[in-house]
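*Asks:* I have a structure here, written as structure tokens, and I will follow up with some questions on it.
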Amino acid sequence: MTTAPTRPPGKAERIASAAPSRLGAFLRLRELPVTVALIALVIITTVVNPLFLSPQGVKDLLLNATIVIILAVGQALVIITRNVDLSVGSILGLVAFGTGTLFATVPGIPIVVVFLAGMLLGALLGAINGLLVTVAKVPALVITLGTLYIYRGLNNAWAGGTQYFAGDRPDAFGSLSVDTVLGFPLITLIAVVVVVIVAVYLAGTRPGRDLYAIGSDPDAAKLFGIPVSRRVFLAFLTNGVLAGLAGVLYASRFNSVGATTGSGLELAVVAAAVVGGVAIFGGSGSVVGAAMGALLLTTITSALTALRVDKFWQEAIVGVLILSAIIIDRIASVRSARKLRISEARNV
Amino acid sequence: MQTESMTADDGPPEPRLTLSGAVKAFGPVVALADGNIEILPGEIHALVGENGAGKSTLVKILAGLYRLDAGEFQVDGQPVSFRTVADSKAAGISVIYQEPTLFPDLTVAENIFIGRQPKGRLGLISRAAMRTAARDLFDQLGVRIDPNRVAEGLSIADQQIIEIAKAISLDAKVLVMDEPTAALSGVEVERLFQVARNLRTQGAGILFISHRFDEVFALCDRITVMRDGRYIATHVTSMVTVDAIVHEMVGRDVGALFPKEVAPVGDTVLSVQGLGRAGVFADVTFEVKAGEVVALAGLVGAGRTEVARAVFGIDPYDRGTVEFAGTLLKPHSPKAAIDAGMGFVPEDRRKQGLVMDLSVGRNTALTLRDRVARFGIINGRAERAAAAEWGRRLQVKTTSQEYAVSTLSGGNQQKVVLAKWLATDPKFLIVDEPTRGIDVGTKSEVHRLISDLANRGIAILMISSELPEVLGMADRVLVMHEGRITAELSRAEATPESIMHAATASLERTQ
């Protein structure tokens, strides 16, 4: 689940030497800063306002975070390959509006079919991103900035002034965001399943590990015979599927869907991944970290309310978190570069 | 890797790899005219030659990076033709480069097994199995590297060991080590040799490329010499001397290709005392006088460019002083160097010497922007006039000053770089590999230019890896080896042999 293995060493004689390095490995965990920040935030807020951690409070927190978590997981996949997908907000918008349209125009359509259709549309839009990035060899930042506007434009043209409201959709669909199992909303459980599946794929399969190699050094990856284009394409496709899923869940969670649904979400999603320890230049990080980042960013909003801090500070604080994440990364790499130079200085 | 022995009754063992009559050209430039190499199982085979002898090209052919234009290439008696690096690997050839390319974010174990990680339960990657396999490889090599740590920050020596471990796990029959010891310390070199000897015992064929004769003679069974892209000879190490090898490496007619005119030598312009930078160079002391061309010779990686960059203020230095025209020069400040009257013509003109997309004229006037500007705004007419004048003086061949400099030939680009610096009226010029990648006709033009500059009283420090250029142009030759000056030779003392001996440190300091 993480790039730094934490399993016990296999042979007895190595335990002595491994103990300090396991502590070191733990301290170097990329998910550590975001976890510490999240725990600290929750503790401080709860001390000031005990209602913050009430069952209803927790449920609201998770509901708010769910959609960003799913998007951040997909985004992490893409960022790990040293790419980025800025079009996820627009994909979510199109799928959410499509979901509303489906329920309104095909009464009695099975909910499963709606989910499949949403994910299929997401897959198509993600595949377009992936194709453009891998074939045109233009940086993903530019490509997906383009598709961000194209997909949003399609959404505008399609929706016009139309909006669909919760009342247009079957109750069973809306209750996905209301019913809970053991205190967890159903849609949050869907997000957890997504996190687990993608985390296992990234940590435990060869194609998953290839994504890290690609992001770590794309040219070397090509030299090693890793099918770079195919893997990057699949990362964008998967991200599209997850954005589609998030779009369907958005329609379940929120009252209205229309032409502007999901606008601006992409930046929050990239922020969540970066704050969660996914290196913006690829090669390291995990989806668990990205999910934690999403949870942290959404928790801040509620926490600031509970702490009676002016809500307008929220964005400034998110900015500070992003910079901190990047600075922590930078310090770590400068330190290891200095270590390398010193070890080589012995040679003359 | 199976064990094979070279016993007499087996007859001569079949070569692991044979390359004969190999030709590789890039446009008009023939990098390899006649490459031959034969590597036997259980042999460490050295490949030696000057810079530009064609060793790197040969390695890249073995690695599958270049395709042969002509010649025969066999592995285990089977003719092969590699399209990609993967083909070469599949045939059992592994190349260990001087600076390996690992994935910095992945663990050591994963770097060895990327793409073929051992699987465990549920078809998922078993980190434990991968770690154990990596440890087994390191045990086999007799080294201790933590398989769990990430590759970032590993020393070059450890990175090479990881590449070797990967090669073993791929069942490589032939290991090519391209100057593996260049960045290693004494202990690390010894460890690498031990690994190489173990592999030899196990029947691998190793091609070892090195500039250090002590290492070649200590480690290798046979030595193949190359010169100017051609195979010269193969010797059994025990039956040949260093002198004979050096002679074969440089033994060409050093004609008066680039005669520098004798210029009156003036005052000392640059005086470098005890310059040092940890891990890069040490104890560098020399002078350059007005009207003099001093060559800084040595093998690639000896630290010549690094010294020049420190003198010019691009890189910092830890020890020593740089005195320019009688006053101490502020360290680590190219601006101070330029203001004092220094110029630097870098080795890589495309990246460091020119702005490729800007016009010829604008590139020429780049150093003049203060002089052609009024109130910080560049006067286009003054800029064009200055550029045109210098272009004319140096005979830059372009149809218009407005064309992007990237459209010029290499020789003319170099003239633009020279023009750029001459326009500042320098007292001292550093030229780093001034004719690299320039065709023969233009080469002599560049040399004539440099000679002219010396005549006008400019002091010149010329870094060059080409012996004929050094011998033809230099009034004095400083030879560097591994960050130190190992010889200072007058024009009369400088011969191919004396320079090559000092550059490989195979003789005592001759000064």
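Any Cβ shown, glycine's included, is placed from N, Cα and C.
Pasting the relevant annotations from TrEMBL:
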TRANSMEM  A:32-54  transmembrane segment
TRANSMEM  A:61-81  transmembrane segment
TRANSMEM  A:101-124  transmembrane segment
TRANSMEM  A:131-151  transmembrane segment
TRANSMEM  A:182-203  transmembrane segment
TRANSMEM  A:232-251  transmembrane segment
TRANSMEM  A:263-281  transmembrane segment
TRANSMEM  A:288-306  transmembrane segment
TRANSMEM  A:312-332  transmembrane segment
*Asks:* Using a Cβ cut-off of under 8 Å, list the residues of the same chain at least 6 residues beyond the transmembrane segment (A:61-81) that approach it.
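*Replies:* Apart from its flanks, the transmembrane segment (A:61-81) reaches 88, 92, 140, 177, 184-185, 187-188, 190-191, 194-195, 198, 202, 211-212, 214-215, 231-232, 235-236, 238-243, 245-246, 249-250, 253, 265, 268-270, 272-274, 276, 278-280, 282-287, 289-291, 293-295, 297-299, 301-302.
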*Asks:* Counting Cβ pairs under 8 Å that are 6 or more apart in sequence, does the total for the transmembrane segment (A:263-281) and the transmembrane segment (A:32-54) reach three or more?
*Replies:* yes
*Asks:* May I ask which of the stretches A:32-54, A:101-124, A:232-251 has the most CB pairs under 8 A with the transmembrane segment (A:131-151)?
*Replies:* A:232-251
*Asks:* Taking contact to mean 3 or more CB pairs closer than 8 A (sequence separation of 6 or more), are the transmembrane segment (A:288-306) and the transmembrane segment (A:32-54) in contact?
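*Replies:* Answer yes, regions in contact.
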*Asks:* Most CB pairs under 8 Å with the transmembrane segment (A:312-332): which of A:32-54, A:101-124, A:232-251?
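*Replies:* Out of the listed stretches, A:32-54 contacts the transmembrane segment (A:312-332) most.
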*Asks:* Hey, which bits of the same chain come close to the transmembrane segment (A:232-251), Cβ under 8 Å, at least six residues off its ends?
*Replies:* 66-67, 70-71, 73-75, 77-78, 80-81, 83, 85, 88, 91-96, 98-100, 114-115, 118-127, 129-131, 133-134, 164, 169, 173, 176-177, 187, 190, 194, 198, 207, 211, 214, 257, 261-262
